[in-house]
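Taken straight from Swiss-Prot:
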{"type": "BINDING", "residues": "His2", "note": "Ni(2+) binding site"}
{"type": "BINDING", "residues": "Cys73, Cys76, Cys89, Cys92", "note": "Zn(2+) binding site"}
Amino acid sequence: MHEMSIALSVVDAITARAREEQAEKVTAIELVAGKLSGVEIESLKFCFSAAVRGTIMEDAELMVTVPLSEGLCEVCGERFAVDGYYTQCPSCGSYKVRIVSGKELSIRSITLE
């Protein structure tokens with residue numbers, strides 16, 4: 001379950017930022033996890049709830065945004081929604097498709113007090 005290592009990394013990053021800002025509490029955290037990032041959102045939330053116990057973010061609200069996954073056809077330039085890595089362009093039928101969004105995993109925002 002790599003979601004626990006991701007949750008621990010997020011906790012470490014937020015803890016470091018909270019220290020820099022001399023915050024006493026983290027009240028909200030927003031993550032972005034693309035559909036193609038390989039992250040199971042519910043598992044991440046579960047692991048995160050365990051990882052924050054006893055920290056300044058223990059009571060923080062965790063929000064996870066899942067952006068649309070998009071591909072770009074390198075033949076005709078069509079941009080379209082994708083569900084996986086091996087995708088055919090709906091316009092020209094080419095398989096020369098580059099994934100342009102949906103693989104990301106990042107901290108979008110944190111709210112500190």
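Note: Cβ is positioned from N, Cα and C throughout, glycine not excepted.
On the structure: features taken from Swiss-Prot.
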residue : record              : Cβ contacts under 8 Å, 6 or more apart
His2    : Ni(2+) binding site : Gly38, Val39
Cys73   : Zn(2+) binding site : Arg79, Phe80, Cys89, Ser91, Cys92, Ser94, Lys96, Val97
Cys76   : Zn(2+) binding site : Cys89, Ser91, Cys92, Ser94
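Residues Glu74, Val75, Gly77, Glu78, Pro90, Ser91, Gly93, Ser94, Lys96, Val97 surround the recorded Zn(2+) site, their Cβ atoms falling within 8 Å of the Cβ centroid of Cys73, Cys76, Cys89, Cys92, which are themselves excluded. Note on Cys92 (Zn(2+) binding site): other Cβ atoms within 10 Å of its Cβ, all shown chains, come to 12.
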